[in-house]
Amino acid sequence: MSQLRWMPGDRRETMKAMIRVDQAGEYGATRIYAGQLAVLGDRHPASRAIHHMAEQEERHRAFFDRMIAERRVRPTLFQPFWDKAGFALGAITAAIGPKAAMACTAAVETEIDKHYQAQRDQLGDSDPELSDAIADFQAEELEHRDHALGAGAEEAIAYPVLYGAIRAGCKFAIAAAKRI
Ligand SMILES: [Fe+2]
Ligand SMILES: [Fe+2]
């Protein structure tokens, strides 16, 4: 809380925008995995790993939920959108097949890795609580990406199209959630 007092106004707004977009993104991630699990079911061989990733996304989201409250950040107005769009993205890719679900994860986590790296570069050592958490989560997002690639993401039907479209969607969503 003390950080809020000495931080210059523009930096404070930047920090708040970071927390807003990260909370929205981690919430979206939990919804993607929920959509995938809803289609694949608990007994599908891919589901154990997806469950594990989903639990990690819950931990990421919980941290940003706490930041939203502690640092008095206005949450995204897009929450209902992230809920439905995330779930739909997960459900549709899983319905195409488990490899398409993995292609979705590979695409999303590739964008999130870049996004978190850019935030860490911007933060430097100005806000260790935030940047340490982001570094921690970024490492897990890379594990998710690597798991997805190892599980045959690139063998999914129309992989380049799927991968490109989902990455573009993520970029758009990140840009939107910073503001709205
Ligand atoms: Fe995450
Ligand atoms: Fe992730």
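Residue positions begin at 1 at the first shown residue.
Just so you know, glycine gets a Cβ as well, placed from its N, Cα and C.
Note that TrEMBL annotation is computational and uncurated.
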Candidate sharing the Fe cation 2 site with E109, E141, H144 (per TrEMBL), from E13, E55, E57: E57
According to TrEMBL, which candidate in E26, E111 joins E57, H60, E141 at the Fe cation 1 site: E26
List of residues, in chain order, with Cβ under 8 A from that of E26 (Fe cation 1 binding site) and at least 6 apart: E57, H60, R61, F63, F64, F137
H60 (Fe cation 1 binding site): tally of other CB atoms within 10 A of its CB: 24
Contacting binding-site residues for ligand 1, chosen from E57, E109, H144 when the Cβ sits under 6 angstroms of any of its atoms: E57
Chain-mates of E57, E109, E141, H144 with C-beta within 8 Å of site centroid, Fe cation 2: A29, M53, Q56, T105, V108, I112, E140, L142, E143, R145
Rounded distance in angstrom between the Cα atoms of E141 (Fe cation 1 binding site) and E109 (Fe cation 2 binding site): 6
